[in-house]
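Trainee: Sharing the features that TrEMBL gives for it:
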type: DOMAIN; residues: 102-289; note: domain 'IFT121/TULP4 N-terminal'
type: DOMAIN; residues: 294-613; note: domain 'IFT121 second beta-propeller'
type: DOMAIN; residues: 644-734; note: domain 'IFT80/172/WDR35 TPR'
type: DOMAIN; residues: 965-1064; note: domain 'IFT121-like TPR repeats'
type: DOMAIN; residues: 1082-1123; note: domain 'IFT121-like zinc finger'
type: REPEAT; residues: 67-98; note: repeat 'WD'
Amino acid sequence: MFIYLCKKIAIPGNVRLRCISWNKEEGFIACGGEDGLLKVLRLETQTDEAKIKGLAAPSNLSMNQTLEGHSGSVQVVTWNEQYHKLTTSDQNGLIIVWIIYKGNRIWGKDLKGTHLCHVAWSSDSKVLLFGMANGEIHIYDSNGNFIVKMKLSCLVNLTGTFRIAGIHWYHGTEGYVEPDCPCLAVCYENGRCQIMRDENDHNPVLIDTGMNVVCIQWNHCGSVLALAGSLKGTSPDKDINVVQFYTPFGEHLRTLKVPGKQISALSWEGGGLKIALAVDSYIYFANIRPDYKWGYCSNTVVYAYTRPDRPEYCVVFWDTKNNEKYVKYVKSLISITTYGDFCVLATKADEDQPQYVLVLCNSIGTPLDPKYIDIGPLFVTMTRTHVIAASKEAFYIWQYRVAKKLTAMEINQVARTRKEGRERIYHIDDTPSGSGDGHLDYSKAVEGTRDPICAITASDKILLVGRESGTIHRYSLPNVGIIQKYTLNCRAHQLSLNCNSSRVAIIDLSGVLTFFDLDARVTSSTGQQVIGEQLKLERKDVWDMKWAKDNPDLFAVMEKTRMYVFRNLDPEEPIQTSGYICNFEDLEIKSVLLDEILKNPERPNKDYIINFEIRSLRDSRALIEAVGIEESSQFIEDNPHPRLWRLLAEAALQKLDLQTAEQAFVRCKDYQGIKFVKRLGNLQSESMQQAEVAAYFSRFEEAERMYLDMDRRDLAIGLRIKLGDWFRVLQLLKTGSGDSDDALLEQAHNAIGDYFADRQKWLNAVQYYVQGRNQERLAECYYMLEDYQGLENLANSLPENNKLLPDIAHMFVRVGMCEQAVSAFLKCNRPKDAVDTCVHLNQWNKAVELAKNHNMKEIGSLLARYATHLLEKNKILDAIELYRKANYFFEAAKLMFKIADEEAKKRTKPLRVKKLYVLSALLMEQCHEQMQNAQRGKVKGSETASALAGLLEEDVLSSTNRFADNAWRGAEAYHFFILAQRQLYKGSVDAALKTALHLRDYEDIIPAVEIYSLLAVCACANRAFDTCSKAFVKLESLETLSQEQRQQYEDLALEIFTRHCPKNNKKTDLDDVLESGDGKLPVCVATGDPILEYRFWMCSVCKHCMKAKERSNYNFCPLCHCSA
């Protein structure tokens, strides 16, 4: 940072000032002094125009009001910004609260006999600090209860009492410069100061300022602490007033000397760019130029700021050309360094470890290459090929490399080259020879030195390292070898090399700028020849400077609020500005108003980038306008510069003086310009030449108008095509007379379609692509819009084997639309892809059908392989579904029967088992139907033969599987098993018995114990004890029962049959029929009765029967549940 005094205001009557306070929000300055003096002042605010011009803040008063009310010396003035109030207190203990503008007294209170000197709140308002007259600091809670006395580390090894000069607690309103940053400053009049992280910090930052302190205050963002007081002068009665500036970590930044006898108070302005000092009966104002963390690379301003809501620095990469910004959050940022298109962010790697990172970024903030180093990068500089970082003892050199496209192999090579000397480190006391020494050994880098490093700078050829004694070391690059040591008569704070590395500019701590010629050979006072000469030029109050990139004798300097441009050490007249210089080339200086940008860093304004033309450019322009090309070319000849020749060439072009234009373009080496002049010379008509020149200077509307006036619509269209303005091309094509060019119209429609597609406005794009007949982009738009109907229509409209069809088919595949994908693949004669699609989307029936139609053999093996895979994963139902979709019904049925049998063995719900058997049987029916259809489909030679073949095939099936012979047996068994129990529970015991009797035929499906237990229960309920007796006999003879179970059945039988004789009294007509032995009767699946009538209903699917009278009760077949 740099600070200088800029204004002085005298208080009338020479009344001594005691205190001062600057309102951060509204800019009012209150000052109190002896004899009850209380004034409120205000500096003029800056106009928007002045801001944009980068002028310094004005220092005239816009308000000067005296407030009456105090009689004693006013000791304290403090603002309450939230409620627009001012509180003042005098030596008599009178406190007055004022409202701004009115000067009204609201309330007052007398404080008598207290020894309280200072008060400070914590940021969360939970803790209150009281500074006592004896130098102690007491900590209270917000309710006024005493907690503890503060530990004062800064007074260790001192005896006696010391008065407190100030307590100031920064509340983090603008964020912190580092996480866990010290923010509570306590300072004593003897100059001892401690900066703490909180009120209980046992390891504070300690400072001994070596002066008598009267007042302390943090700036607006807690990054600088100002301490005002006095130093002992040479004579005993003469003290020197000074303000010292420190970081929160105790590093000394600057010292400001202030005239006058005694300084009594200081106060910062709200933005931290000014400071007000009360000295005797005067107020002094000092301007501050902060050391912002910022840089400039390829039209991008990179700047960092802190935010109260985040612990990291917010780093903004603001592209000033396109007005776009990219934001990165960086923890513990130390500095930003830029060169060319790149930027290096130096940061701390970790809170606990002393490791640091240099992150190489491009101009949009993308990290390209991070390097971890073990020395603190206090000073960082950068060239086209190297990044150099220095601590106080050593410097590290990294030869960075940025490839446009790195392959994986190259990245590995880059990683390996660390060992091969792309990174080197040197201690400042070493004398490297340039022969590959300086390996990456950090052990020697931490050794101390008596003469620490204080500044560095580098160019492509040399590296300069400044030391605190005033010595400058010159090293060669890229092979680091020490070439020369120079001695300066100042300690460098900032070094800067010109474009040919012949001169270096040095700014010292007090803002004095001097120059040193590195190559001049001069004879010293001892008669020896020495290299290097201090130049005569010296400037004071300099806070920034920049050499021109294209002229070693041209540089710009910022002094206070003025910018001076020097050519050969001679200054031009100054320009009023407070901008920081970004770039100086082509006789133009680009400057950025960082003060304004950082007032609202989230929305940088392009108006805050200012371009200044230097005098020779301004004069040449004025000369060309005033006296013409001939005379001004002589002036440019005397003061040659490529930019001036370009200016002349452009002026000559405007006047169609092609010869001068060509000569000037040759002088500024502009090959495109020369070619353009040649092309102009070949044009016959002058109006055509004028139109071309207008286009060259980007006056496109004018050029187009000229072309149209010449009736050259084709050239106007050509111009617009070059510019990519297709909307205008379309307008011109439509307004033209005669036939407009169809190919151009299509091209225009497609280009406008591309314009909308790039912005993802697919609907608009579709309209133009339709007109431009661009089927490829149309398909893409339909797909992005999810308009699959439009995509299908497009596929149908395309001719066969069109190259777009496979792409459209793949689009359908991606969204699972099998049918449309298949038809697209078939249309472009790719059946294999069609089958693969069906397999991919699990449409196996379609896949098998396509495979058969196209004689593809491999589908069967593929199907089997997939089914095996599913079965291995125990996904049997998925395998069944796979076979069913592929029309392999027999395999599906086989697996389904297997599941049904397993479920039956588990004795799960009978209804579930019945459903599984029904499903198996239905698959079997589909299998039979498929076989019959296949037979019918074969050549209908002999119908008998084909029918016979079908039967034979079915015969083969039935011989291989027990279920194939009668697929419905399992379903029948569980159907009757469930029916009998339903009838029994309903009370239809006779019907239940008849149904249960059928179950005797299904012992292979339902365990016999269940069948005969049910039969015994039904017979007993129906009092058919002979049937019941037979059932018990069967049960007792079952080998599957244990001895215990058999005994239980015997006991139960004994109990029943001792009461009831096992003899059936009822004889039914059914028994007569059964006894007559006329073969097996059909059974009604609804009631379980045998059907004796000749009229009955038969299911078309399972071929089971139902009595005609029962038919009306059912809409579905009771067994297979198919629609009746």
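For all residues, glycine too, the Cβ spot is worked out from N, Cα and C.
Those TrEMBL annotations? Automatic predictions, nothing curated.
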Trainee: Grab the pLDDT values for the repeat 'WD' (67-98) and give me their mean, rounded.
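Mentor: Mean pLDDT across the repeat 'WD' (67-98) comes out at 86.
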Trainee: Taking DSSP states H, G and I as helix and E and B as strand, how many residues of the repeat 'WD' (67-98) are helix, strand and coil?
Mentor: 0 helix, 18 strand, 14 coil
Trainee: For the domain 'IFT121-like zinc finger' (1082-1123), what does DSSP give as the number of helix, strand and coil residues?
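Mentor: Across the domain 'IFT121-like zinc finger' (1082-1123), DSSP assigns the residues as follows: 4 helix, 11 strand, 27 coil.
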Trainee: For the domain 'IFT121-like TPR repeats' (965-1064), what are the DSSP-based totals of helix, strand and coil residues?
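Mentor: Each residue of the domain 'IFT121-like TPR repeats' (965-1064) counted once, the result is 76 helix, 0 strand, 24 coil.
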Trainee: So how many of the residues in the domain 'IFT80/172/WDR35 TPR' (644-734) end up helix, strand or coil by DSSP?
Mentor: 73 helix, 0 strand, 18 coil
